Amino acid sequence: MTHEPLTASVGIVTPQHVRLFGASTPLQLDGGTLLHSVDVSYETYGTLNQERSNAVLICHALSGNAHAAGYHSKDDKRPGWWDHYIGPGKPFDTNRYFVIASNNLGGCDGTTGPSSIDPATGMPYGLNFPMITIGDIVRVQHALVRQLGIERLMAVVGGSMGGMQALQWALDYPHMVPASVIIAAAPRLTAQNIAFNAVARQAIMADPHFNGGDYYTLPGDPTTKARPESGLALARMMAHITYLSEQGLHERFGRRLQDRDALSYGFETDFAVESYLSYQGSSFVKRFDANSYLYITKAMDYFDPFPDAETTVQRLTGVESHFLVMSFDTDWRFDTSRSKELVRILHRSLKDCTFQEFSSPAGHDAFLLPHPSYEKSLGSFLLRTWQSITGGQA
C-alpha cells in the first residue's frame, strides 16, 4: 500500500509500553481506591530537545487511543487518528516538537482498564475496576511525562474529552503547562450530554451478553464467551449521530436509498444513512470494549472543575497557561456556547485566553478532520508558544 510521502508523515511508528506506580507508590484515585500498578501504551513523534522543553502532550477523545499519527506497518490501511495534523511541516511539527500521545486510563488499547487482568484475582477486572475521573486520567499522563524525564511541557492539546483533560492539566499542574489548547469541549457536561451517555450505557448493560460485565474470554480458555456487541454497537450508533451535524448528514446522505431503487415496505435497511450507522456500530465493536465505554462516559459525566464561584477562584489561582479555546459552528454535542462559557470563566479570572470559532459542516467530528483555517490557527499558536519558550525563530 502506498502512503503519503514520508516528508509529510512520521512514517512507521512503534507503540511503547511502560508500567507506572507500584505497591509502595500506588495511584490514588479520586473515588478513594488505589491501583497498585498501571500499564500505559503510548507513542511519541519527533525528538525531545536537549533542554527537554519542546514536548507537546496530545489527549484523545472517548474512543481514541495512543496511535495519533503514522503507521504501525507498511500494510496499515489508515494512519493514526490525527495524522493530518502531526508530522513534518504540520501544525504539530515534528521537526520542532516532541509529541506524546497515550491511551487513557480505563481504555482498552494497551493501558490498564476493565479488560486488564486484576493482579489480585488473575482475572479481568470487569466491573470490579474502580470508577475513574478525568483527574485520574491526567494523573496517569503526568506520571508518564515524568517517566520520560520531562519536568515542564510546552503545551497540552485535546479535543472533546481530550479538551477536558487539557483543562484538567492546566488546573492540576499549573507550573508544568504554559499553553493549553481546548477544542470542541466544555467545562462540564449539560444534562442533555449526560442523558446521551446514560442511554448509551443502558444499551450496553441491557444486552443479554453483558453478564454483569463478565464477558471476557481468557487465553487458552476452550469456551468463548459472547460479548455485548449489539448493545455496544447501538451505543456507538446513537453517539455517532451526535458527532455529526444535520447539514453534514443531509449533504452526505439525504434520503438516498441504499442498494435499491424502491422502498422495501419492511424493516430492511432502506436508507443509506441506516447502512452507514450500522457500519459504524459493527466496526466499533471490533476495536473497543463495552466496559471501557461505561467507565469513560462516567468520567466525562463527573467532570466539573468549576462547580461554584469560590471553587473557580481557587482552581484558577496560580494557573500559568495561555489558553486557546476552539469550537465549530455545527457542533451541537459541544456547541460554541459551551466553549464561550469556558472563555468567560477564564477571562473573569484574568487568564490569557484566545477564542476562535470555525465554520464546518462536519459537526463535532470537525476537530479531527482537515480544515485549513483551523489548521493554520492551531499551528500558529503552537509556533508562538515554541518561540516564546525556546527563543527559536520560525
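Cβ from N, Cα, C; glycine included.
For reference, Swiss-Prot has these:
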| type | residues | note |
| --- | --- | --- |
| DOMAIN | 54-368 | domain 'AB hydrolase-1' |
| ACT_SITE | S160 | active site, nucleophile |
| BINDING | R236, D365 | substrate binding site |
| ACT_SITE | D331 | active site |
| SITE | R333 | site 'Important for acyl-CoA specificity' |
| ACT_SITE | H364 | active site |
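Features per Swiss-Prot, on structure.
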| residue | record | Cβ contacts under 8 Å, 6 or more apart |
| --- | --- | --- |
| S160 | active site, nucleophile | A61, L62, I183, A184, A185, F334, H364, F367 |
| R236 | substrate binding site | S63, A200, Q280, G281, F284, V285, F288 |
| D331 | active site | A184, S245, G363, H364, A366 |
| R333 | site 'Important for acyl-CoA specificity' | N193, F196, T242, Y243, G363, H364 |
| D365 | substrate binding site | Y243, L244 |
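Confidence for the domain 'AB hydrolase-1' (54-368), expressed as mean pLDDT, is 97.
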